[in-house]
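**Q** Annotation comment: Swiss-Prot describes GLY48, ALA49, THR50, GLY51, THR52, GLY53, LYS54, SER55 as ATP binding site, evidence class sequence analysis. The annotation domain 'Helicase ATP-binding' is assigned in Swiss-Prot to 35-188 on the grounds of sequence analysis. As annotated by Swiss-Prot, domain 'Helicase C-terminal' applies to 438-600. Look at Swiss-Prot and you will find 648-683 tagged as domain 'UVR'. For 612-634, the entry in Swiss-Prot reads region 'Disordered'. Residues or ranges marked as motif 'Beta-hairpin' in Swiss-Prot: 101-124.
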Amino acid sequence: MSLAQQINRVVAPFEVISEYQPAGDQPAAIADLTERINNGEKDVVLLGATGTGKSATTAWLIEQVQRPTLVMVQNKTLAAQLANEFRELLPNNAVEYFVSYYDYYQPEAYVPQTDTFIEKDSSVNEEVERLRYSATNSLLTRRDVIVVATVSCIYGLGTPEEYVAGMVTLKQGDRVDRDQLLRQFVGIQYTRNDIDFHRGTFRVRGDTVEITPMYEEQALRIEFFGDEIEKIFTLHPLTGEIIREENEMYVFPASHYVAGPERMAKAITRIEDELAVRLKELEGQNKLLEAQRLRMRTTYDLEMMQQMGFCNGIENYSRHIDGRDSGSAPSCLIDYFPDDFLLVIDESHVTLPQIGAMYEGDMSRKRTLVDHGFRLPSAMDNRPLKWDEFLERVGQTVYLSATPGKYEMAKADGVVQQIIRPTGLIDPEVIIKPTKGQIDDLLGEIRTRVERDERVLVTTLTKRMAEDLTEYLLGHGVKVQYLHSDVDTLRRVELLRELRLGVFDVLVGINLLREGLDLPEVSLVSILDADKEGFLRSATSLIQTIGRAARNVSGEVHMYADKITDSMAKAIDETNRRRAIQVAYNTEHGVDPTPLRKRIADITDSLAREDADTKSLLESAGKGRSRGKAPVPVRHDGLAAVPAEDLVDLIEQLTAQMHSAAGELQFELAARLRDEVGDLKKELRQMQSAGHA
């Protein structure tokens with residue numbers, strides 16, 4: 001039976017809901033892309049200048065072709081940014097976020113020179129883990145799905161067939177033995193916990209079973225009448241408030257690496273066979289220490305798998321569990337998509353090389369582990385896809401970039417251009433200046449911009465030069481900050497926000513001022529040592545850096561150089577080509593460039609507003625009670641039954657959790673907690689107005 005036959009998929013249309021309509025080059029680009037995809041072209045390039053709305057064009061393309069879509073992005077930060085944009089544009093469709101769930105990850109490794117074995121060590125971000133499970137759940141239960149993912153999506157994941165085989169189907173009126181259902185939940189790696197009810201656990205209260213699936217924020221309640229499922233409800237796991245009644249629900253396994261008893265028994269037999277062969281090899285090479293090490297580690301893992309159906313590092317045995325041949329490709333997120341899915345690769349000039357590099361980096365570490373008896377050779381088949389395996393799995397692909405690479409340009413049959421911005425803004429003018437006296441000239445240009453309440457980006461070649469320049473500018477009264485690789489992600493977001501707000505006027509950086517930096521207030525980008533050929537001054541890097549000034553009406557780029565290199569010439573020629581097209585369009589259509597008004601806001605803003613409101617409400621509720629007792633507000637008749645005193649305690653606790661989540665960059669979780677606090681405060685206000693508080 002196919003996956004589609006086992007699951008009744010939700011089929012809903014992709015629908016963009018926005019106050020804006022396609023403008024500038026967008027209508028033509030959307031029409032051209034749609035025609036090419038519908039005509040079966042396998043590779044399509046969208047050459048979109050910075051600020052032309054490539055993300056919105058992608059959303060409208062998805063609406064036109066009506067296909068599940070995987071959007072691959074170069075890093076987690078841009079993935080989160082893009083996922084939020086798609087959620088705003090397609091609010092009624094499933095927009096999922098799939099990135100590595102490790103906040104910290106140290107893979108197991110062995111250093112032969114010092115005889116040092118490094119154990120695997122990691123810290124998992126639970127909210128990101130939930131979003132990963134949510135992505136696979138959506139892909140298996142509906143078609144209107146967009147998954148925004150980093151290249152981690154090509155790493156091994158359990159097979160969709162086995163994942164669906166472990167699925168438990170719940171339907172009103174079905175006859176099911178309650179104890180048998182509990183055994184099924186345990187079999188797919190859910191844990192019974194009647195005290196601490198959270199994701200991946202279930203609890204039992206008489207004829208009522210409640211479970212929180214790994215991919216859900218809400219819990220499920222199954223009410224039995226004898227051996228019959230009488231009612232199924234979705235409820236709030238914290239308050240017990242019933243959200244809606246369900247007719248049929250699916251509960252997928254609590255791990256992507258789940259295997260039924262029969263498959264696990266076969267896997268154990270295969271592992272034992274491989275172990276016997278490998279031990280013979282090692283002993284034949286007189287590697288007795290390695291043989292003993294491998295015997296102990298593998299035997300322990302086998303005992304855990306026989307007793308528990310699981311072991312730490314079970315992914316290293318995924319080849320045997322999946323029943324794959326040696327050297328064959330693992331399953332990954334792409335295998336969860338239907339055959340007709342669309343692949344979109346954002347900033348393809350950066351993302352594509354990452355895909356190709358993943359396999360070799362992983363393989364060099366694992367070879368050492370296998371050679372020294374820490375892992376069986378089959379562990380090397382728990383890996384990311386090779387480049388050719390990746391190409392075999394993807395169908396039609398759209399490459400998005402302001403500077404497409406040679407690979408995608410060679411693959412595509414023509415290029416779709418998106419040069420005209422909806423705002424009418426044109427690419428910045430590029431001015432070449434001599435390096436002699438460049439710092440004094442830069443200082444004068446900065447002062448001119450500061451008088452106009454505009455911002456400046458300066459990019460240097462070395463860390464030393466960036467530090468010296470920052471110190472020099474500070475000494476001359478310029479409000480300047482230095483953005484470097486040691487600045488953590490949260491502080492980087494704050495720095496960029498402070499630049500836009502005018503807390504300081506100049507930001508100095510090295511290679512941090514390229515893709516994904518959206519700063520409409522910046523009117524000048526100064527590139528020092530522009531004529532020094534290399535990675536940081538390649539044509540691609542220069543075009544991307546020039547694009548940072550493309551969101552301001554009076555944007556300019558100053559290149560300090562004593563000669564014009566080939567890279568400079570290519571970047572300037574491409575910029576001038578785009579400017580000519582943009583100016584001609586504006587003249588023909590009577591368009592006046594309008595400044596881009598982009599809201600300066602983020603999760604920290606909403607948390608600050610929430611804090612002020614919470615403080616006011618709690619003061620009015622007579623806050624000042626003793627601390628130390630945690631409320632247990634799980635009620636079956638909704639929030640109305642929760643005492644006001646407990647509600648106040650709960651609001652305080654969730655507010656603290658909200659700030660903790662934001663501090664750890666768990667913005668999705670922080671936003672969800674903010675919404676929960678809002679609901680609880682609404683209930684408390686109703687109590688106050690009714691005279692109960």
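Using the three backbone atoms N, Cα and C, a Cβ is placed for every residue, glycine included.
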**Q** List, in sequence order, the residues of the same chain other than GLY48, ALA49, THR50, GLY51, THR52, GLY53, LYS54, SER55 whose Cβ lies within 8 Å of the centroid of the Cβ atoms of the recorded ATP site.
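**A** Neighbours found: THR57, ALA402, GLN418, ARG421.
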**Q** Does DSSP put GLY48 (ATP binding site) in a helix, in a strand, or in coil?
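**A** Where GLY48 (ATP binding site) sits, the three-state DSSP reduction gives strand.
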**Q** Check the domain 'UVR' (648-683) for me and report the mean pLDDT.
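**A** Mean pLDDT across the domain 'UVR' (648-683) comes out at 74.
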**Q** Using the structure shown, find which entry in THR52, SER55 (the binding-site residues) has the sparsest Cβ neighbourhood within 10 Å.
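**A** Relative to the other binding-site residues in THR52, SER55, SER55 has the fewest Cβ atoms within 10 Å.
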**Q** Would you mind checking how many other C-beta atoms are within 10 angstroms of the C-beta on LYS54 (ATP binding site)?
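**A** So the Cβ neighbour count for LYS54 (ATP binding site) comes to 24.
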**Q** Let me check the 10 A CB neighbour count of THR50 (ATP binding site). How many other CB atoms are there?
**A** 23
**Q** Under a criterion of Cβ-Cβ distance under 8 Å and sequence separation of at least 6, what residues of the same chain contact GLY53 (ATP binding site)?
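**A** Spatial neighbours, sequence-distant, of GLY53 (ATP binding site): GLY24, GLN26, GLN418, ARG421, PRO422.
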